[in-house]
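What follows is a single structure, written as structure tokens, with notes after it.
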Amino acid sequence: NAVIGRYKLSVQSDSSSSASLGTFVLLFNPWSSGDDVFMPSKAECEEYVLEEFGIIFAGNKNHISSFGWNFGQFQGDILDICLSMLDRSLSYRQDPITDASHRNDPKYLGRVLSAMVNANDDQGVVLGNWSGNYEGGKSPSSWTGSGEILQSWKKSGFRPVRYGQCWVFAAVLTTVLRCLGIPTRTITNFSSAHDADGNLRVDEFYDASGNHLNRAADSIWNFHVWNESWFTRSDLGPSYSGWQILDATPQEESEGIYQCGPASRKAIKEGDVELDYDCPFVFAEVNADCMYWNYDTSTGKKTLIFSQSTTIGQAISTKAVGRDDRVDVTNDYKYEEGSKKERDIFKKARKKLGLEDKFDPTAPTQQEIEQKPDVSGKFKVAGPLQIGKDLDLILVLANLQSDAKTVHINMTAWSTVYTRRPVHGIWKDSISVTLSPKEEKQFPIKIPYTEYQQQLTTDNTIQVTALCHVEGGIQVLVQRDIALDNPTIDIQVLGEAKVNREVDVEVIFTNPIDTEVTDCVLQVEGSDLLRGILEIDVPPLKAGENSSTKFKLIPFEAGPKHLLVNFSCDKFANIKTFKMVNV
């Protein structure tokens, strides 16, 4: 339980003269049974402390995608940078002696570092940007590892690196905590609630045309990435030890600064939201109820369209130990959706937060919540979800009643960032239909590539909405978030990879669209395979043309290593892939 950090080592002889032997760095030790971060499984220690490669899950709950990340916690001067992060924190600046004396406590360091990884408050490492416009920095989707980010921070004299979004904050925090010996992993939560006002409810507003309005502080993200770190909770008791949630993405202030956690995962599952730290916010991320409202922009009147209690917190994912697979950990965060136990825990959390007894003037009435729609609807995908191809969908509407219904439908499609914030309008249409009793009708929708190509953000996401005004009945909102796939790219290692020997690598890309692509750049990185980042300009590619790019590697460590490749051009941003190279 000694304080971690850099120590001076000297030897003293009887004659009381002492000679310096240099310095050493003391870290947390998850292999040692007395340590707060002790992890009994050797395989888990190898994955969560020693592994320099990770997989981060993204996309949306209907369409989970993934990409590789080079944590690189043992490369170059990363350890020095991590230690200097501690000395640049607000806690250290305010009271260096007290701060240093707490550096044997993983829950203290986890909290301090969750604040230092974002630039808010303390000139920390990464500046967040969710606007869709990343001028003056690098697009958050373009990074492939933490090393470049941490090195840039140090080289610039510790000026925040532009720009990050949630997975960048989580990946950098993983690098720092693994480097210091704390077992850490990234977690992706799909349909993640950002409950800004602490009422365990997220409100979304739509106008009469079906446009998603940006008027609530609350939001539901397609996905959100945070961290889990493994350590004991002597402050809460043994049943709350184990995985602890830390979140470096600056969403809400905690004790006046942008930091979040550690929240015990066990406390989240049991609804013990009064426990330290930030449990109500994390509980809402995986459990909040959603309310969808129609908002009249001229009068300011809002009408509830519908509410849902099972949408939030789905397919919670992390990388498997020792394999490149996805593991679902949703059941570690909550009891089964829709079960009595899950609703009981939700009520318990509401009660502990004092929400049960308090009248909430913004909440819908019981009558509003229980109203039943006359029509149901959904969007079905009717073609490939690929950039470069037209987007084909089918709006399916069904009349649930035994008399005919006339429905006026306003449809819109917007490009969004992954937080579902609308950026550019792409398409709109309106139709009126009459549905016979119990009839189901299908309406095909085509959004041509030429219409969405210019409007897409680097997240490649589109939100399609149909607001159905049923004559004599309540409105029905149909929506779907679409994540489009980039084309693929292929890596071949030509020959056997050996330490300190050159080996050739070939990267192949085929232009899948019927126009030329220009400004093509290939970025390559990989711990122990090459130092820093290799950047190669690739000549323009005509429609349907193949490109082959060759380069040489000289690996400097033996074992299974991962090579990460990122290809970008004027029409496609950040086509990523990775390959395991056995050196």
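Note: Cβ is positioned from N, Cα and C throughout, glycine not excepted.
Annotated domain 'Transglutaminase-like' per TrEMBL: 158-250, in sequence order.
Here TrEMBL flags Cys166 (among others) as active site. If you draw a 10 Å sphere around the CB of Cys166 (active site), it holds 28 other CB atoms from the protein chains shown.
Under 8 Å, Cβ to Cβ, and six or more positions away along its own chain, His224 (active site) finds Cys166, Thr188, Asn189, Ser192, His194, Thr249, Glu285. The active site annotation in TrEMBL covers His224 (among others).
Residues within less than 8 Å, Cβ to Cβ, of Asp247 (active site) and separated from it by at least 6 positions along the same chain comprise Ser114, Phe169, Ala170, Trp226, Asn227, Cys260, Gly261, Asp278, Val282. The annotation active site is assigned in TrEMBL to Asp247 (among others).
Taking all protein chains in view, 17 other C-beta atoms sit within 10 angstroms of the C-beta of Glu342 (Ca(2+) binding site). Residues or ranges marked as Ca(2+) binding site by TrEMBL: Asn287, Asp289, Glu337, Glu342.
Around the Cβ of Asp289 (Ca(2+) binding site), a 10 Å sphere holds 22 further Cβ atoms from the protein chains shown.
For Asn287 (Ca(2+) binding site), applying a Cβ distance below 8 Å and a minimum sequence separation of six or more within one chain yields Ala193, Leu200, Ile312, Gly313, Lys334, Phe346, Ala349.
Per-residue pLDDT, averaged over the domain 'Transglutaminase-like' (158-250), rounds to 95. The Ca(2+) site, placed at the center of the C-beta atoms of Asn287, Asp289, Glu337, Glu342, has further neighbours from the same chain whose C-beta lies within 8 angstroms: Ser309, Thr310, Ile312, Gly313, Lys334, Gly338, Arg343, Phe346. In the structure as shown, the Cβ atom of Glu337 (Ca(2+) binding site) sits within 10 Å of 15 other Cβ atoms.
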